[in-house]
Amino acid sequence: MTDTQTGRRNPDALVRRAGKRADTRQDQHFLVDDRVLDRIPEYAVEADVDLSHVLEIGGGPGALTDRLLGHAEEVTVVERDPDFAAHLREEFAAERAADRLTVREGDALDVSLPEFTASISNLPYGASSEIAFRLLPRKRPLVLMFQREFAERMAAEPGTDDYGRLSVTAGHYADVDVVETVPKEAFDPQPRVTSALVRTTPREPAYTVPDDAFFMDFLKGVFTQRRKTMRNAVRNTAHISGLGDPDAVVEAADEDLMSARAGNLAPADFADLATLAYEVGEPEA
Ligand SMILES: C[S@@+](CC[C@H](N)C(=O)[O-])C[C@H]1O[C@@H](n2cnc3c(N)ncnc32)[C@H](O)[C@@H]1O
């Protein structure tokens, strides 16, 4: 199981030992490239991230979990597949690592997440955006594997085609760096797409918004009308943002911002606008 030269568990052997075929409908594409696996936690170490309690979403057979236990004091893994959750508990039970590892069987979109100091994960790509929107407001450093296009949208700058709700949300909470592109060959079974690792560093202080949930809904609304002026987008998407009086927002907001399109505004502009909208636009309670 353990490579005697590197002291690392062999990911292929872990997959075999899990005694289960990967189900790609559940986004089960496992990392089998030792060099990539070794580098992932290093991206956190080189940024001086506090690794006292690392959250891993989607542990699978445990090759990344093994690396995380090599760096973190405590690791919590959330895994939806009951067989892999049981496998992870068993795999590390015999080791001293067992008392540093908590396995939570469940869906990362609805299990309660512990207080963590960082999240390092090779995510299920089908749930990337929901998981990112769940993790970013926790304002903790993240090292996450995504589909490459998703990573590029997350890091996109205003005025580019890739810039959207995801870029604004990510840029609102954190500085975002795409630190590595990972080829399909690093996984088994191979995904159809190229992957990329993103590191986010929380902004301190973040731009403040009065209510995170309202902010997310406001962004969702105006970006569904990204080709319209903000004036029209704010008015037309009140059913999404929950604004009772969108006209009051348009009246009170800066003319230039209302004449711009969502794709050209910076994260700080959205924070200001959402704050104003929350104050004067009668959002749903
Ligand atoms: C891309 S694999 C990564 C596995 C392992 N960490 C690795 O790097 O090889 C994603 C894992 O997430 C699990 N998963 C899929 N959807 C999930 C969800 N909604 N919540 C929690 N785990 C999920 C899958 O069962 C799978 O084990």
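Cβ atoms here come from the backbone N, Cα and C positions, even for glycine.
Features reported for this protein in TrEMBL:
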{"type": "BINDING", "residues": "H29, L31, G58, E79, D107, N122", "note": "S-adenosyl-L-methionine binding site"}
{"type": "DOMAIN", "residues": "36-204", "note": "domain 'Ribosomal RNA adenine methylase transferase N-terminal'"}
Most distant Cα pair in Å, residues H29, L31, G58, E79, D107, N122 binding S-adenosyl-L-methionine | 20
Candidates E79, D107 (binding-site residues); min other-Cβ count within 10 Å returns D107
Using Cβ-Cβ distances, find the residues under 8 Å from H29 (S-adenosyl-L-methionine binding site) that belong to the same chain and are at least 6 apart in sequence, listing them in sequence order.
-> A22, F187, D188, P189, Q190, P191
D107 (S-adenosyl-L-methionine binding site) in three-state DSSP notation | coil
Site of maximum Cβ density within 10 Å, from binding-site residues L31, G58, N122 = N122
